[in-house]
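Engineer: Take a look at the following structure, please.
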Amino acid sequence: MLLQFITLSKVQNSIFALSILIAVIPFTAIFPYISYYVNFIFVLIIISSIFLHIRKIFLPVWILNIISVVLIIMPFMISSPEDILLPSIESLTLILSVRFLSKKSSREYFQIYLLSLLLLGSSSLFNFSWIFLLRLLLMLIVTIFAILLLTYIKEIKEEFINFERLLNLMKIAIFISIAAIPLSAFFFIILPRTPVPLMDVGFTKTKTGFSSTVNLGSIRDIEEDRTIVMRIKMNKLPEKELYWRVITFDTFNGKVWQKKVSGADKSNIYGEKINYTITLEPLTEQYLPTLDYPLNVSLKNVLYEYPGTYRIGFPLEKNIKYSATSFINYQLKEDNPSSIYITVPPDTSKKIEMLTKEITFQASDKKEIIDRILKFLSNYQYSLRDLPTGENSIEDFLFKKKKGNCEYFATAMASMLRIKGIPSRVVGGFKGGTYNSFGGYYIVRASDAHLWVEAWIDGKWLRFDPSGKISRDIEPVIFHLIDYLWNSIVLDYDIKAQLKLAKSIKIPAIKFDIKTFFIPLFLIILYVSFKIYCYVKEKRSPLNRFFSIMKKYGFERKKYQGLEEFISIINDSTLKQKAESFIKEYQEIYFKDKEIGKQELKKLHALLEELDENRKS
């Protein structure tokens, strides 16, 4: 059973604990993006402040000022001069932690709440997902509750505080926070938007896509990144069709794959058409992913590059959405491909050439050559760790490590095919994805990055995947759905969407009569105001009203005085008797483990009315 009363000191400790929670909420959003030493200092100071608070030890102001100046300057001294945003956020994080080392009045607590809110806002520059909204709502509830507690103990000035009142304050905090949601949604919809951000802080996220070149081993870092790259609205497809083409590499120098072939499309393609819509995060280079093999992309300023590559002529700075059409189960026919597709580096290892001849010895045709190479590579291990490096990385992959990621498998196969005179190329993109059946879309992550091989056989380009990489996903489907709705409804709500919504809303003509409108409104406001007045009068602390009445008699309670000691100084016997009656009734009600109802409050206020009447008479 909960205690009916809680001491003032415990309430003050609760406010301190709530303030730490308020500071930690934005810190959980920002810590993956700031420096390790900033995270360490923040945690160290917070833990130290708890220890000092328990011991009631507070640092002098001059020491805190010195610490603050040092911590403000430190991030700027360590970071590069071009980067201003990140050290500013790190300084804000450190200053927030320092505020906990001072002796805290309402002023210091309000500073903590303001700094915490600024820090949470700063976190949206790094990751503005729906989790931000949850953090904001939680922070609002806790902050409003803490502010109500601060105001309450300042006004009431009682040594013992009714626990039921604290619960009521918590309910008020939750109500205010939840009530703010529809109001915030209303302003979110109607506030004007601009085509470009009002404030461009120059912060850019790490790119996770493909450029016009790829070094062996570079895809490994991307494959370990779980960041969402794109969402594709479409019907579910068989797993074997989920290859998202980005760029085709045609030239290999032994270390780096490059794209050199361009120009008009030389291929004739046949297959089943699929329409879909892609929402692409600003994490990739200027190449647009499409389902393999693409027919067209509906987006302005798109450039087509042979074979099957689309590129935009501007850097990606925000999400873009585009529609596309692709073929599945396709046949990509082409006559006489360029000789570049059978070119091998001049310094190709003799060991690789000998291995290729050994694997394909007495193969009857090109299909059998490919089957033998695929079978040979199937004995190798797919791994992102301890990858071959150096001048002879493919040779090391084939003869020493015998493990690697998709880059090594695709490069080894393409090299062997070219040694055998079979035109081949390497395609960079993504494989697989997670389908959300609730939302009807695919999630593709950076970790789905992949390379595969296309070989020219009997006048057609055919896809081969020597690594057999399987896409991975461990997050619940519901999180993907929330993610998709957040991006579609919130992040994609720009000035175009706002104008479209405004045009779609048709307001019927309304005959306006000032009397029929304002008279009922006035009566409603009058009724609500009266009910609020009655409620406030009823719920006003009887003890505070008692002290107010006694002050009018000339008796003011000192802070150190208990209730019995206070009324013992009253000389008037009639007044003293009525005061004793009130105190006795008050203590019987408030210091017993029972709920205070309207009858008890009514009785206390009746005794107070007698006291007040005695003064007036």
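Here the Cβ of each residue, glycine as well, is placed from N, Cα and C on the backbone.
What TrEMBL says about a protein is an automatic prediction, not a curated fact.
Reproduced below are the annotations present in TrEMBL:
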type: TRANSMEM; residues: 12-30; note: transmembrane segment
type: TRANSMEM; residues: 61-78; note: transmembrane segment
type: TRANSMEM; residues: 84-102; note: transmembrane segment
type: TRANSMEM; residues: 109-126; note: transmembrane segment
type: TRANSMEM; residues: 132-152; note: transmembrane segment
type: TRANSMEM; residues: 172-191; note: transmembrane segment
type: DOMAIN; residues: 398-468; note: domain 'Transglutaminase-like'
type: TRANSMEM; residues: 517-536; note: transmembrane segment
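Explain the structural surroundings of these features, please.
Structural biologist: Residues of the same chain lying 6 or more positions beyond the ends of the transmembrane segment (61-78) and with a Cβ under 8 Å from any Cβ of it are 35, 38, 41, 86-88, 90-91, 94-95, 98, 101-102.
With a threshold of 8 Å between CB atoms, the same-chain residues lying at least 6 positions outside the transmembrane segment (132-152) that come near it are 11, 14-15, 18-19, 21-22, 25-26, 28-29, 106, 109-110, 113, 116-117, 120, 123-124, 161, 165-166, 169-170, 172-174, 176-178, 180-181, 486.
Restricting the average to the domain 'Transglutaminase-like' (398-468) gives a pLDDT of 90.
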Engineer: For the transmembrane segment (109-126), could you work out the same-chain residues 6 or more beyond its ends whose Cβ comes under 8 Å from its Cβ atoms?
Structural biologist: 15, 19, 22-23, 25-27, 29-30, 32-33, 85, 89, 92-93, 95-96, 99-100, 132, 135-136, 139, 143, 146-147, 150, 201, 203, 205
